[in-house]
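Note sheet for the following structure.
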Amino acid sequence: MNLDTTAAPSEEPVAHPRGRLLHPVVVMLWVLAVALTMTYFIDAGHFDRQNKLVVPGTYHVVPKTATLSALVAPSVTQSTGEHAAPASLVSVFYAMPSGLVKHAPLIVMVMFVGGMFGVMRKTGAIDAGIDRLIEVTGGNVYLLAPLLMVLLGLGSTLLGFISEYLVLIPIVIVLARRLGLSDLFALGLVAISAKIGYLASVTNPLSLAIAQPIAGVPLFSGIGLRVAVFVVFLGLGIAYLLYDVKRSGYRVAAARAALADATHTHARLTRRHQATLVVLALAAAMLVIGTRQWKWGNVELAAFYAFVSMVTAVIGRLDTQSAADAFVDGMKGMVLASLLIGLASSVEAVLQGSLVLDTLINYFTKLANGQSPVWVANGLLFVQMLLDVFIPSVSGKAAVSMPIISPIAQLTGVSGQTSVLALILGGGLTNLVTPTSGLLLAYLATARVGYGEWLRFVLPLFLVLLVLSMLTMTLAVTIGY
């Protein structure tokens with residue numbers, strides 16, 4: 001991160017060397033090209049399914065004719081249980097809008113998140129609140145960052161929040177710029193805490209509610225080890241981010257001096273600003289209640305964000321024209337993020353349409369046969385990491401892989417609880433770096449950080465967490481978790 005603590009913190013984005021950045025859409029297209037190629041060189045196969053869950057022991061190879069003529073076939077690939085075909089170019093292009101349609105509720109929710117933030121920013125409450133927060137803490141990033149990361153990590157690990165944090169990235173970016181820090185720091189603060197929280201999944205219903213019943217263990221059981229994973233891993237994530245800040249030359253005293261020189265640009269926190277921030281806090285509380293008690297989905301969340309936007313506009317005394325313009329401008333900032341969410345699912349669609357995905361799952365699970373429990377446990381970790389490249393959704397991956405992996409693991413002395421641990425650790429690790437994760441790319445797009453820049457920044461932390469995950473899997477087997 002390039003920091004400049006000699007000048008007043010600016011709200012202008014940190015300049016990026018454009019020639020070195022790889023656009024997330026380009027990354028996604030390259031991944032799609034790899035998926036297309038795989039359908040020509042990997043055998044087709046199929047598992048029987050019952051209620052969308054894979055039935056173990058039912059894998060069978062499906063005959064496939066892979067010719068170059070299939071590549072230019074003027075139709076979408078149609079594979080059945082009796083015959084498969086490799087993906088055509090038409091199939092790949094068809095998968096792109098299909099992914100957008102499939103994730104329409106999530107995309108609408110993300111767009112409305114942007115709209116809500118646009119209205120709140122227009123009222124001036126966000127900027128005034130951030131200025132007040134900096135004033136209270138003295139601009140000490142070593143105090144602010146750990147506090148925010150713990151709060152975000154708790155929301156992710158307890159409630160499964162992750163897409164909801166998209167709305168926070170622009171806010172944290174404003175905070176970072178006030179402190180003279182880069183947009184990459186802001187992205188790291190949100191993404192690392194959210195991803196590690198999801199990796200630990202202490203009581204995350206989105207992953208545990210599917211995986212644990214399939215593995216034959218009580219829902220939310222085994223919480224002790226997951227709490228330890230959350231505390232240790234998040235502590236390392238916080239230390240890594242702050243180390244990077246210090247290594248980049250950031251000094252609290254210099255930042256405070258810069259802030260003092262720039263006090264004339266700070267917004268005063270008025271009563272209307274305070275009322276708007278209270279609405280934001282109440283909205284956050286309602287978000288927790290709505291998702292936990294009333295089972296709100298993405299459509300309900302989008303409607304809620306629209307309602308909060310209207311209330312905020314009224315409190316902030318925005319006229320209808322200004323409020324509408326602010327809402328639309330906020331949505332514009334989420335267009336790329338929304339596009340990437342849809343594009344990411346097209347990889348799974350291409351592989352599934354050519355019956356390649358089940359072959360990969362069957363191959364990976366066979367690697368566990370005949371190994372010691374410790375080797376099997378760590379092997380399952382890597383299997384789940386690889387599967388997450390093709391199925392970034394932890395709930396989707398649980399439904400596909402756990403019915404096969406759990407019985408094999410238990411036959412080799414690895415408990416169902418440890419199989420679930422491999423699922424959440426493997427998925428969490430891969431989602432830190434995989435270009436097939438729509439939400440990761442949405443985070444990058446919202447922060448305007450290139451994928452290559454993010455990868456260079458987070459890779460050392462990823463490797464440390466990988467080693468710790470392997471030690472955790474070994475410990476789980478040793479203690480009979």
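Glycine too: its Cβ is placed from the backbone N, Cα and C atoms.
For 21-42 (among others), the entry in TrEMBL reads transmembrane segment.
Remote same-chain partners of the transmembrane segment (103-121), defined as residues 6 or more beyond its termini with a Cβ less than 8 Å from a stretch Cβ, comprise 127, 163-164, 166-167, 170-171, 276, 280, 297-299, 301-302, 305-306, 308-309, 312-313, 316, 318, 323, 326-335, 337-338, 341-342, 345, 438, 442. TrEMBL lists 103-121 (among others) with the feature transmembrane segment.
Residues annotated as transmembrane segment in TrEMBL: 133-152 (among others). For the transmembrane segment (133-152), the list of distant contacts is 161, 165, 168, 172, 175, 178-179, 181, 189-190, 192-194, 197, 234, 237-238, 241-242, 245, 250, 252, 255-256, 259, 266: same-chain residues at least six beyond its ends, Cβ to Cβ under 8 Å.
Taken from TrEMBL, the feature transmembrane segment covers 184-203 (among others). If you look at the transmembrane segment (184-203), the same-chain residues 6 or more away from its ends with a CB under 8 A from one of its CBs are 1, 14, 145, 148-150, 152-162, 165, 168-169, 172-173, 175-176, 220, 223, 226-227, 229-230, 233-234, 237-238, 240-241, 244-245, 394, 424-425, 427-429, 431-432, 440, 443-444, 447, 449, 453-454, 457-458, 461, 465.
Marked as transmembrane segment by TrEMBL: 223-243 (among others). Cβ atoms under 8 Å from those of the transmembrane segment (223-243) belong to residues 141-142, 145-146, 149-150, 153, 157, 185, 188-189, 192-193, 196-197, 199-203, 421, 424-425, 460-461, 464-465, 468, 472, 475-476, 481 of the same chain, restricted to positions at least 6 beyond its ends.
The transmembrane segment annotation in TrEMBL covers 301-318 (among others). Among residues of the same chain six or more beyond the transmembrane segment (301-318), those with a C-beta under 8 A of the stretch's C-beta atoms are 105, 108-109, 111-113, 115-116, 119-120, 122-125, 164, 272, 275-276, 279-280, 283, 286-287, 290-291, 326-327.
Feature annotation from TrEMBL assigns transmembrane segment to 330-355 (among others).
If you look up TrEMBL, you'll see 375-400 (among others) marked as transmembrane segment. With a threshold of 8 Å between CB atoms, the same-chain residues lying at least 6 positions outside the transmembrane segment (375-400) that come near it are 35, 52-54, 198, 206-207, 209-211, 214, 344, 347-348, 351, 357, 360-361, 364-365, 367-368, 409, 412-414, 418-419, 422-427, 429-431, 434, 436-439, 469-470, 473-474, 476-477.
TrEMBL lists 420-445 (among others) with the feature transmembrane segment. With a threshold of 8 Å between CB atoms, the same-chain residues lying at least 6 positions outside the transmembrane segment (420-445) that come near it are 24, 27-28, 30-31, 103, 110, 162-163, 166, 169, 187, 190-192, 195-196, 198-201, 204, 207-208, 211-212, 215, 217, 222, 225-226, 229, 336-338, 340-345, 347, 377, 380-390, 392, 394, 397-398, 401-402, 405, 451, 454-455, 458-459, 461-462, 465-466, 469, 472-473, 476, 481.
Annotation comment: TrEMBL describes 457-479 (among others) as transmembrane segment.
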For the transmembrane segment (330-355), sequence-distant contacts whose Cβ falls under 8 Å of one of its Cβ atoms, 6 or more beyond its ends
24-25, 28, 31-32, 35-36, 38-39, 44-46, 62, 64, 76-77, 79, 84-87, 91-92, 95-103, 106-107, 110-119, 121, 166, 170, 390-392, 396, 436-439, 441-443, 445-446
Do any residues of this chain, six or more beyond the ends of the transmembrane segment (21-42), have a C-beta under 8 angstroms from a C-beta of it, and if so which?
66, 70-71, 77, 86-87, 89, 92, 95, 336, 339-340, 343-344, 346-347, 350-351, 354, 356, 359-360, 390, 435-436, 441, 444-445, 450-453
